[in-house]
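Peer 1: Annotations for this protein, taken from TrEMBL, read as follows:
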type: DOMAIN; residues: A:133-423; note: domain 'NADH:quinone oxidoreductase/Mrp antiporter transmembrane'
type: TRANSMEM; residues: A:6-25; note: transmembrane segment
type: TRANSMEM; residues: A:74-98; note: transmembrane segment
type: TRANSMEM; residues: A:110-131; note: transmembrane segment
type: TRANSMEM; residues: A:137-155; note: transmembrane segment
type: TRANSMEM; residues: A:167-187; note: transmembrane segment
type: TRANSMEM; residues: A:207-226; note: transmembrane segment
type: TRANSMEM; residues: A:238-262; note: transmembrane segment
type: TRANSMEM; residues: A:282-301; note: transmembrane segment
type: TRANSMEM; residues: A:308-327; note: transmembrane segment
type: TRANSMEM; residues: A:339-358; note: transmembrane segment
type: TRANSMEM; residues: A:379-404; note: transmembrane segment
type: TRANSMEM; residues: A:416-434; note: transmembrane segment
């Protein structure tokens, strides 16, 4: 077998094996350099894998040569590839972008362990979106959670510890729920391989343990995905984590949980449990609507910019869940493409806020008054990403909104109300983006405030890379849309 | 040069101009030369498109395709051509006026002002040339955003508050209503291209009515009540902005959008048969009367003119809502005649402010002898807006009344007549006050004191236009007849 055949495994193994190596590097910025190189390599592997999937279609890889359903299978299709690109891309950009702020926040002493934890998160997230084995998935879920607790707790002040504590409790609950669900299904079907599970679950679909398992798994993953009303861990975790960690996790941590949720629901439960479709819709649609209305409203009143973006993420996750819960190809395409687009949007917004924080030393709204004059490029990027979040044409946000609203309108009168709620949430987004723009552009800089200057070039370059990606994929969205369309077809069991 | 390249040049010129203005920012004379040159070349380019387009050419420019067949496309047809020609020609006059006004009042941030102005003209041309609804929507939003710095130009707290109303209302309606209307149209028709005869043939009357409502209120720039509040709020802007943008480019982009949607998306015939536009006749009529009544209560000259604009814009919406051939012709002609009249009135208001620093109507007693030229021009423009011959406004009103009669809307006829009477009261009152009332103590005649020469020149040109367009209305009428309204 050539190296290409092992790409699925390498995707996980490379960062996993390099993590312990990084702990041994005790020289200045070497840990950073090594993990950035590893992350970049992972990104390259993801691109290579995307190429393979594009030509050969979905891949299956038997770990250690143990054939599925007995061994662990890595199952890679367009959906996983999309997530792999998001995860490895976000990690790489966040590392390059975050060097300066990490140097300040982490310090040389803790750096080796911190970056090792970062690589573990990367490896585990990649594992979550590639594995085809329910228990292996749990293992990756736990690795990613434990390692990200470390990342968040490394935040500059002690509030990070409280935020982490909250996250540990809710995260552990989520993982436990998931494990209970998987255990029940294993009891009923005798298999842990997802594809195999989908085949066998039909025979026992009417039995109560399976229904309970569906409930536990959905709820557990919803916790990890920060779905409203179990989102409470997320805004603080983002707000008090080191800046680069906020960028990384905001772009992809909840996305991986959403991915697993979608996978499980559409592959295992929906085709085989008679009531599941109605239950998913009845459960998720109201929660999704409340999520984006409440999330956006809270964001409007939030004065800490990182928390504001965290609540905005609650709303955006609501959009994705709405797309999932409508269960039509159009809606699912919209949800999946929004996974990708939201990573770009929120990544760019967090990066811009971090740039400002880097110079002003604060993420509070009053502290940024008048900063646009000194930091025009940073604020311009914020405006572009903000427009993208609102959903203005020519940005990625528009692509998602176009699909989601169209999907809502297919449902007649109830759909009109959904579309109206979605638009209302967009209008709230206008308000909170505008608050920042107005403070930065139209408020005078306070007299006693220190002089500002533009962020360092490397930081600015990575910020604009992501910002331009917002425009690029808004104008030519064939790559994410193609993958999302293929993924939704596969998930809904229709021929692409 | 072929027509497509001409279109591209016309679209890009204002942007090039904006770049030039920012480069020449430190040298005011050079900067104003750049503005005027750009405006001149632009008007020439746009006008050189006119003969072929009127002869039937429909040049089309595909920029890019986004996804699902959604594209950024430009196509010139007679209505867009008219709007583009109007905006680009008046930009020259307005730039001349701006030089006098901005320097006469010693305004700050003049470079930013001219840059934002050029970008706004770019957006207006994009709206005019848009080949489908999506492109139109994009440029509609650019127009909103690029005019924000102009409205908030003064920068004090009250101005920023008003500017926030301006931006908030325009963005909220466009994202909350116009965008869903666009998406809904796509869901119904599978395309967004502007097509003669419309693309919504198979849609039921109820859906058509709701969709029309989304378009009519989503396009808040058209000033239909109750989404007209942004226009009075925008009056905090310097007068040249009120003149070109809030009497011509921005508000006309609004009514242009409604007219374009009625003609090329709904189709005049489809709409007339469905009867779905009936309510819009009433709303437009209501806006005409109510806005006139409010205008009468306003003592601030610019606020009065703003409400007059709200009222006049609804003439055009009414013309579209009548869904008859004459209605569409009247609406189209009114875009031009009202532009000529209202820009003159705003120019005069600005001239009065520059020369005498007066903003209230009640302060104008007896100042007619101090500023005879300005008030003469004001009288001409007011008579044109009222719709009396021999001024341009008479023709558009003529066709609007004709359209209302064709549609059997006697209410609309009555409203148009009533509105003329109200116009006489609140517009003619101003020159009458200025010429015939005794001056207030301290305002006695101490020799003629007019605004700076560039401003007077601009006033002269536009007030002359009000007169010329009456006697030379035939080309305009032929132009309006080219629209597929039958």
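Just so it is clear, glycine is given a Cβ too, placed from its N, Cα and C backbone atoms.
Just so you know, TrEMBL annotations never went through curation; they're auto-generated.
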Peer 1: What else in the chain is close to the transmembrane segment (A:308-327), if you only count residues 6 or more beyond its ends and a Cβ gap under 8 Å?
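Peer 2: Counting only partners 6 or more residues beyond its ends, the transmembrane segment (A:308-327) has Cβ contacts under 8 Å with 225-228, 231, 234-239, 250, 254, 258, 261-262, 265, 270, 277, 280-281, 283-285, 287-296, 298-299, 302, 333-336, 338-339, 342, 345-346, 349-350, 353, 389, 400, 403-404, 407-408, 411, 418, 422, 425, 428-429, 432, 492.
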Peer 1: The transmembrane segment (A:416-434): which same-chain residues, six or more beyond its ends, come within Cβ distance under 8 Å?
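Peer 2: Beyond its ends, the transmembrane segment (A:416-434) has Cβ neighbours at 285, 289, 292-293, 295-297, 299-300, 302, 308, 312, 315, 318-319, 322, 386-387, 389-391, 401, 404-405, 408-409.
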Peer 1: Considering only Cβ pairs within less than 8 angstroms, which of the stretches A:6-25, A:137-155, A:207-226 has the most against the transmembrane segment (A:167-187)?
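Peer 2: Answer, by Cβ pair count: A:207-226.
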Peer 1: Does the transmembrane segment (A:74-98) come near the transmembrane segment (A:207-226), with 3+ Cβ pairs under 8 Å (pairs 6 or more apart)?
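Peer 2: In this chain the transmembrane segment (A:74-98) does not contact the transmembrane segment (A:207-226) - fewer than 3 Cβ pairs sit under 8 Å.
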Peer 1: Between the stretches A:110-131, A:137-155, A:207-226, which wins on the count of C-beta pairs under 8 angstroms to the transmembrane segment (A:238-262)?
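Peer 2: Maximum Cβ contact count belongs to A:137-155.
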Peer 1: Which sequence-distant residues neighbour the transmembrane segment (A:137-155)? Criterion: at least 6 residues beyond either end, Cβ under 8 Å.
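Peer 2: Here the qualifying positions are 105-106, 110, 113-114, 117-118, 120-121, 123-125, 127-128, 131, 161, 163-164, 167-168, 171-172, 175, 178-179, 182, 224, 237, 240-242, 245, 248-249, 253, 256-257, 260.
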